[in-house]
Amino acid sequence: MPTGFQQLGGETVTGTFVLSVFTAVLGSLQFGYNIGVINAPQKRIEGEYNATWIHRYGAPIPAGTLTSLWSLSVAIFSIGGMLSSFCVGFVSEWLGRRKAMLINNMFAFIGGSLMAFSKLCRSFEMLILGRFVIGAYCGLASGLTPMYVGEIAPTSLRGALGTLHQLAIVTGILIAQILGLDQLLGSEDLWPLLLGVTVVADCSSDVISALLPREPPVPLHSPLPGAPGQERS
């Protein structure tokens, strides 16, 4: 068997295939992370909203206004995801799966940067806008990732690899809850970094993707001699 190939389920899986799947699933990981990340620093963020309001208007923020801003900060993520999910089919056919995921990473970078610098700029509008943009990213990723993985996966592994999308989502939620602890990134000074960590995964995805061929090589997986099935193009 050639070096760099491994037998799985009657298929010869290349390192490039594994790397392609890993890169795609990073999108699902960020989806889960951004679902759970907003919960842990709630009190910190509300305190920052109040401090920003005092800085602007010289008085504490009204309780009703604070509740509305916080609710918007949470809910607008779903709004962004809902709107962008309607475009998954069009975007994937227009740009292709892999290129669409690469361009979608721009949304993650912009959204994460807006949230990370919202405290420094004393702008709760930046945080809310960042949540909307990162929601748009997650809406596209939730469709593009399983679509891409399913299409490049060999038939014998398609079911198993299809579960990676959900596994990465719940893993992302878990990571967000752990990093949100006060002892880690949930402190008064570090919560903006907690929201901006998604940029790290985004940049990692871009760097890895740059090392991959423009199109999936033939084959990313190869049937073993005598195994049923044909190579995927």
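Just so you know, glycine gets a Cβ as well, placed from its N, Cα and C.
Remember, TrEMBL labels are computer predictions, not curated facts.
Within the listed segments 12-33, 188-209, TrEMBL records transmembrane segment for the stretch 12-33. Counting Cβ pairs under 8 Å to the transmembrane segment (12-33), the stretch among 69-90, 102-120, 126-149, 161-179 with the most such contacts is 161-179.
Counting Cβ pairs under 8 Å to the transmembrane segment (102-120), the stretch among 69-90, 126-149, 161-179 with the most such contacts is 126-149. Per-residue pLDDT, averaged along the domain 'Major facilitator superfamily (MFS) profile' (20-233), amounts to 86 for this model.
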